[in-house]
């Protein structure tokens, strides 16, 4: 045991009794007190489980009914109506049976464990009675929810022309993100009202309201959000008792709109390329990395002071590239091609060397001209026809040379 010296205001360590939680001995007024070991604080991470999807309507009230007529021709193969260009007058005057509330109705379903699952059409319309037992997704589409071009986000097949079903799935010929909204009750703050109601279904890129005609055009940033919003706001109301008429918009003939759409497609392609390439390479190309910019300036000089090679020279790839990185992978192919060319030249030389003795023997046998030349000359012989001899003159004046005689 180590001795404890009683001195006022002193502390003594006990090395022989050291453990994980060291006991500190303190003396105050000749009384030794042992401090309790400090308690370790353990942080508890509470993970809230995602809530299940809520049933939007009572299952007991659901009745099995044939699909409502949304077109002019019923397709028995797909069990739906086609030719939706002419809408049903009765349905267009009837208010929707329900409306989706994303804050209350969204949650996990059976489809969350299956990648590539489609969204629930009845959930978008606010009338799904299955809740968490539904085989489709009960949430808003996101940026990374991308589906094949021939189907929409609900898994329905599209048509080749918008005229076939402008009020339904639309066409697969082009990517349409603009919705036509009709039958709007015009007010002073109609633009704000339209923006507030349609912003529930995803990020909006542009809204255009024509107050004199009571219509609006809403363009979403993503196609899946536009498809979801079209079904969610069909036959709904904004602030009054109107019944909205939602359809897909026709292509905008405005040249500025066409340029804007082309620029958006280019930006999407550039973003996809950025994601596919390494971050360091993208930063170097775009000039966002200062160190990479300095390194590029040194490397692209190629030993010449004050010279910087352009991008098409510095980043060129091939066997003749100036940058050594651009020749990687092409050197072996270039060497193999050179070897093949050298082998072909050797074969041609050997053939010419073998043909020389034969030509010399033929020239010796045929004299000055070779056998091939003689054969060509013999084949080119042409028979020349001789001229006929003039006939001898006959008559009494044969001896006269001319009239003067």
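Just so it is clear, glycine is given a Cβ too, placed from its N, Cα and C backbone atoms.
What TrEMBL records for 28-68 (among others) is region 'Disordered'.
TrEMBL lists 28-37 (among others) with the feature compositional bias 'Low complexity'.
The compositional bias 'Basic residues' feature in TrEMBL is assigned to 41-53.
Only residues 6 or more beyond the boundaries of the domain 'C3H1-type' (115-141), in the same chain, are considered here, and those with a CB under 8 A from a CB of the stretch are 52-59, 61-62, 96-102, 105-109, 147, 151, 153-156, 201-202, 222, 224-225, 227-228, 231-232, 234. Annotation source TrEMBL lists domain 'C3H1-type' at 115-141.
Looking at the zinc finger (115-141) alone, the prediction's average pLDDT is 94. Taken from TrEMBL, the feature zinc finger covers 115-141.
Annotation source TrEMBL lists domain 'RRM' at 177-272.
Per TrEMBL, the feature region 'Disordered' maps to 344-405 (among others).
Marked as compositional bias 'Low complexity' by TrEMBL: 344-359 (among others).
Look at TrEMBL and you will find 380-399 (among others) tagged as compositional bias 'Low complexity'.
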Residue counts (helix, strand, coil, in that order) that DSSP gives for the zinc finger (115-141):
8 helix, 3 strand, 16 coil
